[in-house]
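**Student:** Structure provided below as structure tokens; questions to follow.
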Amino acid sequence: MNIMRTAMLLAFMTALFMGVGYLVGGGSGMVIALLMASGLNFFSYWNSDKIVLRMYGAREVDRHSSPVYYKIVSDLAKKASLPQPKVYVIDNAQPNAFATGRNPQNAAVAASTGLLERLSAEEVAGVMAHELAHIEHRDTLTMTLTATIAGAISMLGNFAFFMGGQRSSSEDSHGAGAIGGFIALLVAPFAAMLVQMAISRTREYAADRRGAEICGNPLWLASALRKIADGGHGVYNEEAEHNPATAHLFIINPLSGEGADSLFSTHPATANRIAALYRQAEEMKGALAESGGWNEEGGMNKKSNDEMNYGDFRGGQAYVPGEQENSTFQRVTKRPSWLRYDNSKKSRS
């Protein structure tokens with residue numbers, strides 16, 4: 001399904017380029033546009049993930065620089081039977097995250113410092129499980145290509161206007177090129193919106209559900225979405241505002257003023273996603289009650305900050321945060337075994 005969706009997306013982009021090329025340059029313009037589209041599609045397939053990561057200044061981290069964050073991603077990938085993705089941190093106060101890559105073997109996940117600072121380890125696990133679900137569903141290729149292609153489409157108006165102006169100077173065109181350029185200038189933004197809408201919003205619901213299955217508790221992701229939504233739109237994300245074509249990559253729309261569910265939204269309404277996760281938690285209520293994640297009132301158990309300590313990450317050892325993890329991860333007790341460091345035996349010997 002995603003292979004067909006990707007093929008349709010690339011075909012649409014090629015047709016769009018050729019149509020604009022023909023509009024402003026006739027047959028020769030269409031040929032030039034075809035060559036340009038083919039080159040862009042080829043380049044985007046191999047490099048769009050690198051472009052997006054570089055666009056947001058993402059820096060790769062490992063088990064030494066960010067041991068807790070890296071371990072969460074690593075353990076979740078094992079639980080989902082996925083290859084270990086590359087792990088990145090984005091220096092941005094807005095809590096958010098995304099996944100990218102052309103396939104599971106060449107995938108990466110990125111979380112902002114704002115997300116790591118605001119969320120508990122359980123909530124971070126819920127977010128990362130959601131992103132790994134996108135990788136498992138192979139959404140990441142389509143999502144990343146869409147971001148690159150939609151950005152390119154936004155440039156078509158200027159390209160068409162310039163080419164139209166050149167063509168209008170010929171006697172045969174009699175000003176038709178300028179008119180064609182103006183039409184293309186109007187059509188290009190709408191076409192960019194259509195490309196973004198080519199990625200169905202239902203993929204977010206599917207990734208939420210599968211992510212909850214991977215991490216084992218829908219309430220972790222529900223709590224994370226609420227925190228991200230509450231804190232996200234109040235923090236200006238300069239990179240996202242300058243590159244709105246990438247908004248659909250994130251777990252929650254990073255653009256200011258977004259959040260309501262509508263026909264042209266890149267994401268479902270956060271409240272609807274949380275409601276779906278609570279319904280999923282009801283389905284899993286028995287298993288969650290045994291793990292201590294669900295109380296008798298049908299909500300997530302809360303723990304006081306006084307009970308929280310990093311020792312739970314390492315079987316009782318005092319945990320020293322990595323360079324990228326100072327002041328991150330609210331401390332939470334009673335973590336499942338996979339969410340802890342498992343070298344406690346060594347520490348007691």
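Every residue, even glycine, has its Cβ placed from backbone N, Cα and C.
Take a look at what Swiss-Prot says about it:
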type     : residues               : note
TRANSMEM : 7-24                   : transmembrane segment
TRANSMEM : 29-46                  : transmembrane segment
BINDING  : His130, His134, Glu204 : Zn(2+) binding site
ACT_SITE : Glu131                 : active site
TRANSMEM : 145-165                : transmembrane segment
TRANSMEM : 175-195                : transmembrane segment
REGION   : 288-349                : region 'Disordered'
**Student:** So of Glu131, Glu204, which of the recorded positions has the fewest other Cβ atoms within 10 Å around its own Cβ?
**Tutor:** Glu204
**Student:** Around the Cβ of His134 (Zn(2+) binding site), how many other Cβ atoms lie within 10 Å? Please give the count over every shown protein chain.
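**Tutor:** A count of 26.
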**Student:** Take the C-alpha atoms of Glu204 (Zn(2+) binding site) and Glu131 (active site) and report the distance between them in angstrom, rounded.
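**Tutor:** Cα-Cα distance, Glu204 (Zn(2+) binding site) to Glu131 (active site): 10 Å.
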**Student:** Which residues, in sequence order, are found in the same chain with Cβ within 8 Å of the centroid defined by the Cβ atoms of His130, His134, Glu204 at the Zn(2+) site, excluding those residues themselves?
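**Tutor:** In sequence order, the nearby non-listed residues are Ala99, Glu131, Ala133, Asp139, Arg203, Ala206, Ala207, Asp208, Gly211, Ile251.
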**Student:** Near His130 (Zn(2+) binding site), how many other Cβ atoms are within 10 Å of its Cβ?
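**Tutor:** Looking across every protein chain shown, the total is 28.
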